[in-house]
Every structure is written in structure tokens, then in C-alpha cells.
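A.B. asks: The structure's right below; bear with me while I get my questions together.
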Amino acid sequence: MAAEIHSRPQSSRPVLVNKIEGHQDAVNAAVLIPKEDGLITVSEDRTIRVWLKRDSGQYWPSIYHTVSCECETTRCLVTPWSSCRFRTFEFLISEDFNKMNHMKTYPAHQNRVTAIVFSLESEWVVSTGHDKCVSWMCTRSGTMLGRHYFSSWASCLQYDNETQHAFVGDYSGQITLLKLERQTCSTITTLKGHEGSISALWWDPVQRLLFSGASDHSIIMWDIGGRKGRTLLLQGHHERVQALRYLQLTRQLVSCSADGGITVWNMDTPREEAPQWLDSDSCQKCEQPFFWNLKQMWDTKTLGLRQHHCRKCGKAVCGKCSSKRSTYPLMGFEFQVRVCDSCYESIKDEDRTALATFHEGKHNISHMDMDPSRGLMATGGSDRVVKIWDMTQVVGCSIATGFSPR
């Protein structure tokens, strides 16, 4: 069932245009169908549904398919994919979106499947799972081509069709870059920077930027193409970041978190890298010893202090020398963070101007999909609800494509 929301944009914020209900369990994916007023959802209630917008303005399921186990995700829309605890399924949808036929079953994993990517160029389906591996299989023959194992559950995946590079995030908080071949693979590098499990990845093949979101509430932009190891930290969520989408045309990043937060980041502006935290046995401002520096504590007959770090300069400081809090959006800190007193004085008022906008989805968001050409976004989560948003007032562009009005 779906309810149409008739309100129109009044300000620069997402506008809820439709709300789809009817799932009996969490919605794991909601993918907009290109060039159609419709979307595909997969849910842990074991259903795959194709929803089309009717003349009434409501979305109704034109296909309702039940599989033998909980569905995880879908990626390709002409040939949709879903997965269950051990298997990945391939289906073919008819052109009128009224029939869906099962094509293949891929026994890719020994535990819950967490992510799927279909590569038309490689004719591969690449997937990750809780069996701590990434697998890639041939879509022509349905045979396994290769597997690579990690030390932790593999949680999310992105794939570059041109170079056959796979980016795999895991529960240890690191991202592994692999070069996949038909029968083998090689590890290119491992990216470390998050303090929590990786929950979302997005790869932009044009600018060769990788964005990662994690349970530490943060986002990191990895400049893969720059080859200089440049990273940008973005902190603008209060909960786990669960979905990312970079809009290359407008240089904006859209991120969603488990608490329903929707943040739109302006990436078309100069930004500074957050500094590495420095190590020291005493405050690098007042030189008072930290509590583990027993020798200096004995020599100076003083009690040791707790160590903190200034987010702007990275120096190790005591609480007295870092009593101020400030935002610093140029470095990705949209919320107030600890800074040392001297850095606080150096931050100008214009440096505190926000470089992101914050919006409330008002439901749990575990998956998000966008169609930038129409300015549409779909969100779904554990509350069993799918919401469709008009984002044209937020992302700053909507290419005229002649689709039916919403």
C-alpha cells in the first residue's frame, strides 16, 4: 500500500512525495527503476516486489514474488538480483513489469550475503558475506571464478568495471582494495581510518573517489585517483552511516544514517585534511605530565592529567588547555569538537559556516537509492516503510527528461 503526499517544495529540504507500506519485515533495499515511475524492493519477509505508480498517484505491487529465505539486496534492474543466507538469485523482469522469471541460483557463500554487484562488462556477479569472503561468479555459466577471505565479516562492496577493482569494507573497520582476475585476485592496498565497522561504500569512477561510512558515525573520502593518500574526514551524523551516494554533476555527497538523518555535503569547495593525532607524555601546550608519565609526575611533584587531542592541530593537550569547543566545517567537523585554546582563537567566524545541510527522514534508513536525473531518492529500513523523496530543492539540479510528473 502507498500513500501519496501532495505537499510541494517550500524550502531547500527533501519533500516526501510517497510513502509505501505493506512489508512484514525490514526493507533491505529499495531501488528506483530508471525511466519508470516505479521501484523494486526486497525485504526480510522473503518478498521481492515491483511497485508501479498508478494514475491515482499511489504505488501498487505489479509483481509480488516470495523466495525460500530472507532477501538481502538487489542491484541490477533489468535483471534484478536478490540474495538469502547462502545463495544469490538472478531474475528476469518482463518489459511491462508484470512478470518475473527465475534465471539462475548462485551458491556463492556459506553465510548471510551482505552485498551484490552485477558487472555487465565483466559478466560477473560479485558478492560479499558473513562467511568473511568476497566471491565472483560468471553470469554466463553460473560457475564460481574465485574467492578471497578476510579476517572479519565482509559488510559492503563497490566495484570498478574498467579496472576490475573491488572495494570491500569489513567489520574490523578497514577497506581492502582487490584486483580481481578470472581465477585469482591480488590485494592492492588496505585503507584504515575508521574506528568502527564499515557500513556503506560508494565509488565514483569519474573522479576516482571512494566514500566510506561506518558505525563510528563518520564518513571518509579516499582520493584513490590522486595517488597521494589524501583523505577527508566528514562528521555530520549522530548514528551509524548506512547509505552513501555521490552526485558527480553537482559535486555533492548524500549520506543517510540509522536514526533517519539525511545529510547533503558540498564537496565542491576547498577542504582541509584532519591532522594525525600526535603522541606525547605531557601536554604540548603547558607541558604538564599525563597520568602515565610517572617520572615527570615524581620530579615535579604533580598529579598526572588526562590526555586529549585538538581536532584542528592534532596536538596532545590537557583538559585545561582545550576547554573550548567549535565547529570547523573546512575539516569536516560540522558538529562542535574539542580544540585547543590557541586553535579556537585562530578560527574565524566565516570558518564556522556550514558546508552541509541536515534533514530528517523520520524513519530508520538502512538503504538509499537516488535517480539524480529526476531528483528522486528512495529510502527504506527496519521500520518496514519505503519513502520516496523529491530532492530537487536540495541537490540543486534536475535534468529535464520528459518523465511523467510526480
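Using N, Cα and C of the backbone, Cβ positions are placed for all residues, glycine too.
I grabbed these lines from TrEMBL:
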- 277-348: domain 'FYVE-type' (DOMAIN)
- 20-51: repeat 'WD' (REPEAT)
- 191-224: repeat 'WD' (REPEAT)
- 234-275: repeat 'WD' (REPEAT)
- 358-391: repeat 'WD' (REPEAT)
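For each feature listed, report its degree of burial, its nearest neighbours and the pertinent distances within the displayed model.
C.D. replies: Residues in the repeat 'WD' (20-51) partition by DSSP class (helix H, G, I; strand E, B; coil) as 0 helix, 18 strand, 14 coil.
The repeat 'WD' (191-224) scores a mean pLDDT of 96 in the predicted structure.
Only residues 6 or more beyond the boundaries of the repeat 'WD' (234-275), in the same chain, are considered here, and those with a CB under 8 A from a CB of the stretch are 14, 196, 199-202, 204, 206-207, 209, 211-215, 217-221, 311-314, 330-335, 337, 355-370, 372, 377, 379, 381, 391, 394-397.
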A.B. asks: Give the residue counts of the repeat 'WD' (234-275) per reduced DSSP state, in the order helix, strand, coil.
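C.D. replies: Summed by class, the stretch gives 0 helix, 21 strand, 21 coil.
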